[in-house]
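Dropping a structure here in structure tokens format, bear with me for questions.
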Amino acid sequence: MIIYNTLTRSKELFVPLDVNNVKIYVCGPTVYDFAHIGNSRSIVIYDILFRLLNVLYPKVTYIRNITDIDDKIINVAQNNNQNIYDVTARYIKAFNEDMGRLNCLKPTYEPRATENIDVMLALIEKLINYGHAYIRDNTVFFDIQSYPAYGKLSGRNIMELIYGSRIDIEVGKKHPGDFVLWKPATDIDSKLMSCWPSPWGVGRPGWHIECSAMSYNYLGENFDIHGGGADLQFPHHENELAQSCCAFPNSYYAKYWIHNGFLTVNHEKMSKSLGNFLTVRQLLDSGIRGEVIRYIFLSTHYRKPLDWNDNVVSSAQESLNRIYMALNVTDERLLLDDVEVSDEIISCLKDDMNTPKAIAVLHEMVTRINKASDIDKKVYFIKVLIKSANFLGILHHSWQEWFKVDNDQDIIQLIHERKMAKTNGDFIKADRIRQILLDKGIVLSDNKDGTTLWYRS
């Protein structure tokens, strides 16, 4: 398998630390709201990676954390007169429901930050003892100047960090780029149950130490792959890498770093202030199916930017319709035990997760099905298509379910009358019946064998 490693800025042959247990850590959601489509693209991308690794290796340990303590969570809890656990329980449940409807597999473990406070405290104490962290007014900061390699992941140097970067400016820092490991509790924290005792007073962790603690707790000092969105490369992942390498001087933390590209909406950055903030829940409730959302994410290479717009949605719907239409040879669910996922699909994914090429292979399969004259061969091709598409997380419906086909006798009668009109050469009547059905929201598709597929648009 070849993957692009952000750390080396090059494609590399993937060589796991242990071929019997590949370890991967991915930054999951901060649960203060429903998951937006930018977050969800990342989840789908690493779901594909998880599926691929499970084919290539006997065991994969996939950790996707949940950030359940954060300023945004506290703000929501305060505004709704709730504690943080009430807020996070609601949105964790919603997140898992929504990702399920995108056909994402569950990770091996899904740790929560609040369940790993003791590990964070131990890491912070190590950083202080090793001279990589310091205390100012009950706040613990990481000293970036104590780590000469700081900036190697994002390609920034320390001087660049002073100007124009996303850095919290805190009084008492030795350097503007120093970041918080532990902060003292406020009265609001005490009220909302968002603080814990520590050697430096009651408080709560900084964001970056959370992922270092959870990855260490579940994967150890070193692991194979760290994934996340491009927006996390700096400062979050840079800070993770620094503090983990400093806490464990003989480690390198993650061997490979993978980052998926940005997502825009109508060529603009997604923002609540712009009114273009889209959640998966909104899209699902509006009638856009989970498979359509997933298909859109897979149609663009994970490292490239993706623009979400109405044309993209329509195109994905039409493409899936074409694939599903190829399944209408049989009314029964096909048993897939005697076929395997196409080698072409696996090869595409082994090449830096080239999902657009894998999608193209699915459409080539559809063409093969439509051209097949032998029914047994056609059914075999359909089974391979379904097995391969299922591996990508799509085509989990029958064609009847997808097109919402039912047994409306009036519609069937009109289709029969249209067929008779065509047989008798009365094409005007046949076209008129087609239009009548179209006005009722019924779309017809004539097959070469003389049968007609219909579905509700």
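Glycine is treated like the rest: Cβ placed from N, Cα and C.
Straight from Swiss-Prot, here's the annotation block:
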type	residues	note
BINDING	C27, C211, H236, E240	Zn(2+) binding site
MOTIF	29-39	motif ''HIGH' region'
MOTIF	269-273	motif ''KMSKS' region'
BINDING	K272	ATP binding site
How about long-range neighbours of the motif ''KMSKS' region' (269-273): same chain, 6 or more residues beyond its ends, C-beta under 8 Å?
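Result: 36-38, 262-263.
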Where C27 (Zn(2+) binding site) and the residue listed as 'ATP binding site' are concerned, what is their Cα separation in Å, rounded?
22
Can you list, in sequence order, the residues of the same chain other than C27, C211, H236, E240 whose CB lies within 8 Å of the CB centroid of the Zn(2+) site?
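Sorted by sequence, the hits are W207, H208, E210, S212, H226, G228, L232, H237, N239.
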Round to a whole number and give the Cα-to-Cα distance in Å for the pair E240 (Zn(2+) binding site) and K272 (ATP binding site).
28
Can you check which residue among the binding-site residues C27, C211 has the largest number of Cβ atoms within 10 Å of its own?
C211
In whole Å, how far is K272 (ATP binding site) from H236 (Zn(2+) binding site) when you measure between their Cα atoms?
22
When DSSP is mapped onto helix/strand/coil, what comes out for K272 (ATP binding site)?
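Note: K272 (ATP binding site) is coil by DSSP, not helix or strand.
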Find the average pLDDT over the motif ''KMSKS' region' (269-273) in the predicted model and report it.
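Result for the motif ''KMSKS' region' (269-273): average pLDDT 84.
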For the binding-site residues H236, K272, which one has the sparsest Cβ surroundings, going by other Cβ atoms within 10 Å?
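Comparing Cβ neighbour counts within 10 Å for the binding-site residues H236, K272 gives K272.
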Could you give me three numbers for the motif ''HIGH' region' (29-39), the DSSP helix, strand and coil residue counts?
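When I sort the residues of the motif ''HIGH' region' (29-39) into the three classes, I find 3 helix, 2 strand, 6 coil.
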